[in-house]
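Peer 1: Structure incoming, see below.
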Amino acid sequence: MSVQDLGDKVILTHPDDKSSTATILKYGATVFSWKLNGTEQLWLSDAAKLDGSRPVRGGIPLVFPVFGKNTTDEHLSKLPQHGLARNSTWEFLGQTKSDPPTVQFALSPDNANKELTKLWPFDFVLLLTVQLGRDYLKTDIEVQNPSTTREFKFNWLFHTYLKIEDIEGTLVSNLVGVKLYDQLLKQSYIDKHPVITISDETDCIYQNVDENRLIQVVDRGQPVHTVKRHNLPDTVVWNPWTEKAGGMADFEPKDGFLQMVCIEPGHVHDLITLAPGQSWSAYQLLYKEQLKYQAI
Ligand SMILES: O=P(O)(O)OC[C@H]1O[C@H](O)[C@H](O)[C@@H](O)[C@@H]1O
């Protein structure tokens, strides 16, 4: 059975390898587990809420229609950090393919968090497609504007928590030479480091990253994760480190930041404007690839 609907969550099992699975919570349409040959690829806090009481701390939370906290847009500025997609229960539309197992989820004002759609009163349809490949996990998003009269502006981001052995031996590659906005320093600069190493709180938005750059998480010389993006020009690299992790009630264990790094593909450097009747789509592909240091 390659797709099981268990009520609050859906489990995909690859037909060629029963130990490769993906589990999606309908709340937030959050992929909170991706096992490849039985090995978990995503980091999930031990204190993550999976009961719909708050966004999932880990996996791949979905960020829409705003990344972070907007302070300028009349409506977006009323929404909580990261918007309403991750704290709404999506409708499971069912299986679109059995091999590779592929399923779809939908969100609109009909089923989105009512308190939040009051604050952001626009008509929208989100369609998330999750595909479990033999050695990859692909998440596609389509954002539709069904209105015939009103445009809306939005950000989109896959807030992906990647599981690693040890942050001290890990680096992130192929972002050299990219302009970033450092959310901690509140400064923009070009990252001239050949690779990113993380030894403290890190919160950087890499902007307009060439789509041909394969972002790799490399653990002691071995690429453990490769992230390919389509139509997602920006990538946030985030690690809360000790103090911030200590301040998050749903972040456990408190030293769990040593086993995770967030690589978050999105469109966040500015707002996308979607005209009436138009749609926008993008995807994130997580897969295994040999080491590829690129100079783009
Ligand atoms: O705690 P959350 O609302 O899930 O946000 C967690 C993090 O998300 C992103 O990575 C932002 O760049 C960070 O500034 C933020 O702390």
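Easy rule for this one: first residue shown is 1, then count along the chain.
Note that Cβ sites are derived from N, Cα and C of the backbone, with glycine treated the same way.
Not my notes, these are from TrEMBL:
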{"type": "BINDING", "residues": "ARG57, GLN81, ARG86", "note": "substrate binding site"}
{"type": "ACT_SITE", "residues": "HIS159", "note": "active site"}
{"type": "ACT_SITE", "residues": "GLU264", "note": "active site"}
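Burial and contacts for the listed features, if you can.
Peer 2: Secondary structure from DSSP puts ARG86 (substrate binding site) in a helix.
Counted within 10 Å of its Cβ, the other Cβ atoms near HIS159 (active site) come to 23, all protein chains included.
DSSP classifies GLU264 (active site) as strand under the three-state reduction.
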Peer 1: What is the separation, in Å, between the Cα atoms of GLN81 (substrate binding site) and GLU264 (active site)?
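Peer 2: For GLN81 (substrate binding site) versus GLU264 (active site), the Cα atoms are 15 Å apart.
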Peer 1: Looking at Cβ-Cβ distances, which residues of the chain lie under 8 angstroms from GLU264 (active site) while being 6 or more apart from it?
Peer 2: VAL63, LEU157, PHE158, HIS159, THR160, THR235, VAL236, VAL237, TRP238
Peer 1: May I have the list of same-chain residues other than ARG57, GLN81, ARG86 whose Cβ is within 8 Å of the Cβ centroid of the recorded substrate site, in sequence order?
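Peer 2: Surrounding the site, in chain order, are ARG54, PRO55, VAL56, PRO61, VAL63, HIS82, ASN87, HIS159.
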